[in-house]
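The following features are taken from Swiss-Prot:
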BINDING   135-190  ATP binding site
BINDING   ASP259, GLU272  Mg(2+) 1 binding site
BINDING   GLU272, ASN274  Mg(2+) 2 binding site
DOMAIN    104-305  domain 'ATP-grasp'
Amino acid sequence: MDWKQKKIGVLYGGLSEEREVSLRSGQALFVALQSLGYQVVAIDVDRHITKVLEREGIEVAVLALHGPMGEDGTIQGLLEFMGIPYTGPNVAASAICMDKGLSKRLFHSEGLPTPAWIELAGDHEEADELVDHFLGDFHGAAFVKPLDSGSSVGISRAVGKDELIRGVAKALSVSHRCMVERAIEGRELTLSILDGEAFPLIEIVPIDGFYDYDHKYTAGRTNYLVPAPNLDDKSLEAVVKIGLAAYHITGCRGLVRADFILDGEGTPWLLELNTIPGMTELSLAPKAAHAVGIEMPQLAERILQGARLK
């Protein structure tokens, strides 16, 4: 559809822990679309969003919201109710992918390789017992992650029970549920997919430690290799095949990013899908698009062109 004659709202900011990143993503999309001559308004989302959308006469929404209330199907459902087409996955796909436990169960049921994990709620006594069970089955490092946040907010890498318990407490401070996931040693890769088209793989190489929030959004903390070097054809094909399968199984559309670990034997392990990838100057999806000659204005326009209801 041609959106040139429509009033476009870039929805950004919001109420989650990822607000600051969202503001940067939204600003990048706003500038890109404005440079192409679109009628675009940047809207910082709060609890009065319905009134703002009506007042501004928004006819299509470009979503740059990260985390809860933005990537979990909430804003998508509101826009469906208001009859405003929007970018990215629909309500169901957004909810599935935002819930790391739910999406991993779906991956596992469909035969897609994903690291072993357990899920924990706010009951610390139960958490202690489950961590003991996890340690009985697996040795070495694990990652503790909130089940419904992105941008590596609240994530810890832990070895041993004491670190795991501290990691669980940290994760539960930002969410009422978390998971302990077996750490797979290997290369960190990410695959950006736009409307079913896979972009070149990126290898993520943190200067030190693991790829946490600071490494993601602080210049100079991480090296990004585009395309990922020294990948044999078999591993490359496997990553793309698994990423596209996950994209379709979850019902995704638009721009989505799949994160992987490639172990020492060349086996890719699917970690998660990100349904509204970051669009900042350090973000991965724009880097992958650039590698195939798609600059930010064109990427923003392609994202916009995929806007729809349901």
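Keep in mind that glycine also has a Cβ here, set from the backbone N, Cα and C atoms.
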Spatial separation of GLU272 (Mg(2+) 1 binding site) from SER156 (ATP binding site) - C-alpha basis, Å: 16
Distance, ALA142 (ATP binding site) to ASN274 (Mg(2+) 2 binding site) (CA atoms, angstrom): 21
Secondary structure at SER149 (ATP binding site), reduced by DSSP to three states: coil
Per-residue Cβ crowding (10 Å cut-off), top of binding-site residues GLU163, ASP259, GLU272: GLU272
Per DSSP, three-state class assigned to GLU272 (Mg(2+) 1 binding site): strand
Which listed residue (ALA142, ILE184) has most other Cβ within 10 Å, given these are binding-site residues: ALA142
For SER149 (ATP binding site), nearby residues of its own chain (Cβ under 8 Å, 6 or more apart in sequence): SER16, GLU17, GLU18, GLY67, PRO68, VAL174, SER175
